[in-house]
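Undergrad: Quick one: structure below, then a few questions.
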């Protein structure tokens, strides 16, 4: 299969891409979070192609992407006042809402669940393509299952060349981590997956917001994407260190002395300033993400950094994490999975 590239497509090309999606093709689409692997969310055969391209189990729910709030109505049985308020506040944006599905939505899109996950992305080109398609577009991250999510068209091409019909290239994604996924029941909002919309932001709109403690149902079916299977994993063994910059630098220096093979460092500017006085960093692959506790910069560079380490053949990654508060909750959720739960809290 030849994978066609559309770089910043024209209006005519957008109509063509919309028709491709409507007719059952698989097209990688840019969003503000990560690139998504798009297919007709009402066509089971098209969605099967997503699972085949990703090598992904079919009990993992897909998120249906829509161009507007109005497009939600035929896809759900009801929209509660709370859900409506969340859509009005955070759409378009990185918030996915699960609602009771209508009969129009096939179970292939929901992983067999009676709720469908819906999102309106804050990306003008993506919404134009969704509008042209005229159907909801199922779109998990556009990578082989288990690998870091792509935030550029180049990263998509690396994993998906020859596996999908087309890639829409609109440059790098703005946010860099996936959307927040919430379940709405009456006036209560449960966060199933942390992401670009934080708990604090939700609490300004809804009285009761909690994190889900049981990320899968009783029969083992994931309630939302990114819950059950291995996700975000680089090729090298990764350890995440959390603490003040000097303590992180000292622990990195100690660990580097025990490691063999190519090493990758994902580190803040402040920790790097300490580290390079302790060890020779010229022989490691070092990526400075920004300033200490700069959640936005780390989120934006996390996946791209892990993919760069893969390119460099890194066998060990030492990454500086952040506090699990605000956007840091989503970042540490991804870093914990990337590290296979190797998290080191470094004390002063």
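The backbone N, Cα and C atoms fix where each Cβ goes, and this holds for glycine too.
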Undergrad: For the L-threonine site that TrEMBL gives with 33, 65, 119, 179, which of 83, 133, 139 also belongs there?
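TA: Of 83, 133, 139, 139 joins 33, 65, 119, 179 in the L-threonine site that TrEMBL records.
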Undergrad: For the ATP site that TrEMBL assigns to 56, 60, 141, 193, 232, which of the candidates 68, 149 is also assigned?
TA: 149
Undergrad: Considering only the binding-site residues 56, 60, 149, 193, which residue has the minimal Cα-Cα separation from residue 119 (L-threonine binding site)?
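TA: For residue 119 (L-threonine binding site), the closest Cα among 56, 60, 149, 193 is found at 193.
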Undergrad: Quick one: mean pLDDT on the domain 'YrdC-like' (11-197)?
TA: 97
Undergrad: Cβ-Cβ under 8 Å from residue 139 (L-threonine binding site), same chain, 6 or more residues apart: which ones?
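TA: Those within reach of residue 139 (L-threonine binding site), by Cβ under 8 Å and sequence separation of 6 or more, are 29, 31, 36, 37, 38, 39, 62, 63, 65.
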Undergrad: If one measures from the C-alpha of residue 149 (ATP binding site) to the C-alpha of residue 33 (L-threonine binding site), what distance in angstrom results, rounded to a whole number?
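TA: So the alpha carbons of residue 149 (ATP binding site) and residue 33 (L-threonine binding site) sit roughly 10 Å from each other.
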Undergrad: Counting only other Cβ atoms and using a 10 Å cut-off, which of the binding-site residues 33, 60, 149, 179 scores lowest?
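TA: Sparsest of the binding-site residues 33, 60, 149, 179 by Cβ contacts within 10 Å: 60.
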Undergrad: The record lists 56, 60, 141, 149, 193, 232 as binding ATP. What's the largest Cα to Cα distance among them, in Å, rounded to a whole number?
TA: 18
